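Engineer: The structure that follows is given in the form of structure tokens.
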Ligand code: NAD
Ligand code: G6P
Ligand code: MN
């Protein structure tokens, strides 16, 4: 069986160790000959890499391993680029969340003004990765889950239309795992779904088991009462995420025929989100205090002791969708997966040039999107507004246009007026000087 070479871009990510453990767990279906880490922050990456090196030496000594900040070393001789960078890291995420809140608008990693600010930083970073891949390993595929995926995907559609890049999100996977549990199935892979929308902005229209039995009634009944919180607790989740899964109950009520993505709460209940936010302590603070602290201290402990048992790192089982995607390409598995792809008529009554999240059959030539048909006015209206926001952000980045970015923030359903949008934008420009193009 062929063995593959992978570079993880954003090697210093809090998710990297969990992904390494997941890759090791999946070596039978996705054999590896080399793993490389690439990051532009040498110090951050080294803490993660040294621990991963110990884990790899213990568990899979045959896999070649290196970590580097040199693009040529990182991107030469690779089959897959797994990209999860965060341009500006958590301190900038904190600003994305706190600045809008100062103006009474919700502060979120990928939604509203915060997501727009993050998008303006990510576009250049992800395009740079695509360029390195095309230069040093032109036959490779990039599996991108760097956020904000919707804006990044639109930017690559516009600026790198022929790049071998697949944009994917784990939110539907997390929600489907909960749906499977609610329906009494062992795994979400025992379900076949129809879904349409934008990234972090979509709806399930059909959920069946593999025999074709409709699972929607049982899931609907549960969600109407409990949102996506299963009766028997699964893996532990932080309170803020639990609230989001529970709030799906209210999001669902807007259209009981479908099942919503949890992120729609930010667009449909922005007032609720603001009321339940602490402007001095947002999700970025929680992540720095928990995930980042835990992962980095576990890595330091492993490195200090020289053995993997010295620190507790959790395998990221949800991330096995990345292996599903890589094997679909590598072995032409024709697996059905939700990906962010150009609409091109899949949603019949929606912009063909929009990047939409829909089921695709994935094989060695990439994704073949399935037709999701005509969508109702409620969803179409919301999606048209949101896709215009995402397109305006990309145009603002390309043209360095203040006006288009102001229009984008104004058009976000999370923002009450052009006045508020301008005030937020001016504050965001101040703190993003090192990352955004200078706007005219
Ligand atoms: P993190 O800050 O811990 O890691 C990101 C790493 O990227 C850092 O080490 C940073 O130095 C590096 N980086 C930043 N800019 C770079 C650049 N231009 N080139 C190379 N490296 C660069 O962040 P995290 O919380 O672990 O998340 C990583 C990314 O994964 C984020 O974009 C996050 O939004 C995304 N994510 C996506 C999904 C999804 O469903 N699509 C799920 C989880 C996380
Ligand atoms: C989900 C989404 C990701 C997002 C993440 C944030 O997994 O699909 O796109 O980055 O949540 O999680 P965090 O724990 O960093 O707030
Ligand atoms: Mn996501």
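Cβ atoms are placed via backbone N, Cα and C, with glycine included.
Those TrEMBL annotations? Automatic predictions, nothing curated.
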Engineer: Since TrEMBL lists 93, 283 for substrate, which candidate among 40, 147, 343 does it give for that site as well?
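Structural biologist: Between 40, 147, 343, TrEMBL records just one in the substrate site with 93, 283, namely 147.
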Engineer: Can you list which of these recorded positions (147, 169, 200, 263, 283) have a Cβ closer than 6 Å to ligand 1?
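Structural biologist: Cβ under 6 Å from ligand 1: 147, 169.
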Engineer: Compute the C-alpha separation of residue 170 (active site, proton donor) from residue 200 (Mn(2+) binding site), stating it in Å without decimals.
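Structural biologist: Per the Cα atoms, residue 170 (active site, proton donor) and residue 200 (Mn(2+) binding site) stand 10 Å apart.
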Engineer: Can you tell me which of 93, 169, 170, our recorded positions, come within under 6 Å of ligand 2 at the Cβ?
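Structural biologist: List returned for ligand 2: 169, 170.
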Engineer: Going by DSSP, is residue 93 (substrate binding site) sitting in a helix, a strand, or coil?
Structural biologist: helix
Engineer: Drop a 10 Å sphere on every Cβ of the binding-site residues 93, 283 and tell me which sphere holds the fewest other Cβ atoms.
Structural biologist: 283
Engineer: Restricting to the domain 'Glycosyl hydrolase family 4 C-terminal' (195-415), report the mean pLDDT as a whole number.
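Structural biologist: That region's mean pLDDT is 97.
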